[in-house]
Amino acid sequence: QGTRDQPPALVALRDRLLAAVVACFKRHGAAAIDTPVLELRETLMGKYGEDTKLIYELQDQGGELLALRYDLTVPFARYLAMNKITNMKRYHVAKVYRRDSPATTRGRYREFYQCDFDIAGQFDPMIPDAECLKIVHEILTDLQVGDFLIKVNDRRILNGVFAVCGIPESKFITTCSTMDKLDKMPWEEVRSEMVGEKGLSPDAADRIGEYVRLHGGLDLIERLLQDPKLSQSKLAKEGLGDMKLLFEYLTLFGITGKISFDLSLARGLDYYTGVIFEAVLLQQENDHVQEPVSIGSVAGGGRYDGLVGMFDPKGRKVPCVGVSIGIERIFSILEQRVKASGEKVRTTETQVLVATPQKHLLAARLKLISELWDAGIKAEMLYKKDPKLLKQLQYCEDMGIPLAAIVGEQELTDGVIKLRDVATREEVRM
């Protein structure tokens with residue numbers, strides 16, 4: 001099915017991941033929202049380029065054409081338009097659905113979580129965009145997923161490149177969809193799809209090839225600003241000017257070491273209008289290869305200034321920029337790492353097990369555990385009247401519970417409990 005049941009250890013691991021991501025979103029002042037899993041089919045259609053075919057379409061008994069949400073961005077834009085909101089910083093963690101060919105080993109499913117952060121509103125250029133990139137950097141650093149690179153481009157620069165290479169405007173979006181495959185296919189295959197399937201002339205494809213293999217930083221932006229062909233395009237000049245500004249802000253955030261201005265980045269979704277970005281994990285294939293190899297995208301996003309206007313009856317636009325963290329792919333990587341290390345993942349957060357060493361002390365356990373629960377302490381006990389002490393301590397070891405609160409006849413007489421550190425076996429009376 002391309003979905004899977006989650007045993008407790010995996011749910012616990014995912015919970016920790018999601019908690020770290022949400023903590024970062026909250027640190028940046030975002031409010032949480034939620035939108036329905038079901039949307040009207042017409043809300044989703046025509047927003048995702050060639051991926052529209054992956055939308056799960058439904059027809060309910062009333063005859064309405066519905067669909068399961070494909071991402072969290074389009075429902076957010078609809079939400080802003082319906083509620084006439086022009087200014088918002090939000091996050092949303094929820095499941096989305098895609099009728100895709102699953103590859104479960106690579107974290108690609110038909111039902112999976114997305115973690116989105118978006119800033120909506122009319123602001124000075126590139127300040128919110130820089131914050132989105134800072135968030136990606138923070139999260140990937142916090143989660144310790146290994147070496148990563150955040151690629152950045154701008155749809156205006158791309159469209160400028162297409163224009164000066166002689167591609168008609170009607171073919172910009174479909175050319176973008178093909179270019180988006182550059183991280184999975186070599187340039188030769190992408191070129192032959194452009195020429196064979198998309199109907200571009202071989203000359204135009206070759207001219208695009210000269211640009212899309214460029215990547216770098218501020219130096220490349222400066223070079224392209226002087227490029228005689230690109231300077232003919234108003235769009236490209238605008239995009240490059242903003243890209244220069246973005247890199248200045250990213251320098252102030254101290255994260256340019258992990259950022260690459262990459263002209264091959266396209267992102268195949270129709271709704272992007274400006275800056276686009278994607279984070280990839282890197283691995284050294286072997287000692288002889290100097291250039292790090294990408295092992296897949298783990299975050300992506302960009303600016304989509306026209307999307308809210310599509311849902312507003314008066315076409316009022318609300319500029320937006322956002323990022324989506326590919327939590328499933330990160331989760332798959334961390335899951336494999338945990339399996340390889342043989343590390344046990346704690347499935348509960350229990351802090352203390354209430355235990356008794358003799359028979360007929362169930363009442364004492366129930367009384368004590370109730371006090372602990374009421375005090376907000378995470379506590380458990382075994383559901384047996386007279387469990388053996390060894391069995392109770394073994395349960396602590398199996399479940400990774402750090403403490404045992406032992407109450408026996410002597411403790412009851414003295415009005416104390418014995419607190420045992422399960423790992424060191426040290427005990428204190430209190």
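Cβ coordinates are placed from backbone N, Cα and C, and glycine is handled just like the others.
For reference, TrEMBL has these:
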type	residues	note
DOMAIN	1-357	domain 'Aminoacyl-transfer RNA synthetases class-II family profile'
BINDING	Asp71, Leu72, Thr73, Arg98, Gln114, Asp118, Arg267, Tyr271, Tyr272	L-histidine binding site
Span of Asp71, Leu72, Thr73, Arg98, Gln114, Asp118, Arg267, Tyr271, Tyr272 around L-histidine - largest C-alpha separation, Å: 22
Binding-site residues compared (Thr73, Gln114) - the one with the fewest other Cβ atoms within 10 Å: Gln114
Binding-site residues compared (Asp71, Arg267, Tyr272) - highest count of Cβ atoms within 10 Å: Tyr272
Integer mean pLDDT for the domain 'Aminoacyl-transfer RNA synthetases class-II family profile' (1-357): 88
